[in-house]
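J.: Positions annotated as active site, proton donor by Swiss-Prot: His37. According to Swiss-Prot, the feature ATP binding site maps to 30-37, 149-152, Ile178, 186-189, an assignment based on sequence analysis. Under the heading beta-alanine binding site, Swiss-Prot lists Gln61, citing sequence analysis as support. Per Swiss-Prot, the feature (R)-pantoate binding site maps to Gln61, Gln155; the stated evidence is sequence analysis.
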Amino acid sequence: MITTQEIQQIREQIRTWRTKGETIAFVPTMGNLHLGHITLIKEAAKRADHVVASIFVNPMQFGANEDLDAYPRTLEADKLALSDAGAELLFTPTPDIIYPKGMEQQTYVEVPKIGDQLCGASRPGHFRGVATVVCKLFNIVQPDIALFGRKDFQQLMIIKTMVEDLSLPIEIVGIDTIRETSGLAMSSRNGYLSTAQKSQAAVLKQTMDQISSAVKQGASLDLAIENGKQALIDSGFTPDYLELRNAKDLSLVTDGQDELVILAAAYMGNTRLIDNLCFTR
């Protein structure tokens, strides 16, 4: 696997593959990889001739009081895992390569409405940072296909919307959430949890399952959500949000809409966890 911080080297390697008519899949990450990331790489290898990955802890998507400095960096272990999974080219830029004029002078990409709610409301500017860096990475790598985990459901929808709105010739594929045996969605931030907190955190998925079951049985949506919030509180969570939305566009649920998604964000101690569950009522 080739590892480089240089945009030009990425483009030269991509050009070499393109001249042979070969296809490119791309998996952007922030590193500290787990099985969910590796699943994306392996799936990418099935869908294209070559797999490109990136590791970049993007400062633009972190708020002033968030965990940018504390975010785990495990580059050497990540490189081994990516190579073993089938990645052939790894882009590891520094912030001054991605934002040479600094973030304040950076042209940015913002997806309105869908990016202003849920996590966007809780973390102002977060999705502007995500959309900007993903758009830049897409322009550098110019893949045929890019893969993202469905655990970050709102992020996936924002990226799909951005690609459609900007007419980028890239297929965006969402891959199912990989979970631990307890049901807890795999996340780089799970490493912040103590053993006891990790056990408690499994209640997040259980609560979403209970909400889904209640709604399918005809329960009031508001009541199902209120019961779910109380279950989270009783299990030691501090809920940020727990909402039912239309799975197609994250709009509020109205009569006649059957493809739904439960979106959850809650704190276990100081660690903010997110998850979601799509279902048909």
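Cβ from N, Cα, C; glycine included.
Worth saying up front: this structure is predicted, and the values here are computed from it rather than measured.
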J.: Return only the integer: C-alpha distance in Å from Ile178 (ATP binding site) to His37 (active site, proton donor).
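T.: Answer for this pair: 9 Å between alpha carbons.
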J.: What does the structure give for the C-alpha distance between Leu33 (ATP binding site) and Gln155 ((R)-pantoate binding site)? Integer Å is fine.
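T.: Each residue's Cα considered, Leu33 (ATP binding site) and Gln155 ((R)-pantoate binding site) end up 18 Å apart.
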J.: Output the one of Leu33, Ile178 that, of all these binding-site residues, has the highest number of other Cβ atoms within 10 Å of its Cβ.
T.: Leu33
J.: What does DSSP assign Met30 (ATP binding site), in three states?
T.: coil
J.: If you count the C-beta atoms lying within 10 Å of each candidate's C-beta, which of the recorded positions His37, Arg150 ends up with the smallest number?
T.: Arg150
J.: For Arg150 (ATP binding site), name the DSSP secondary structure in the helix/strand/coil scheme.
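T.: Assignment for Arg150 (ATP binding site) reads coil.
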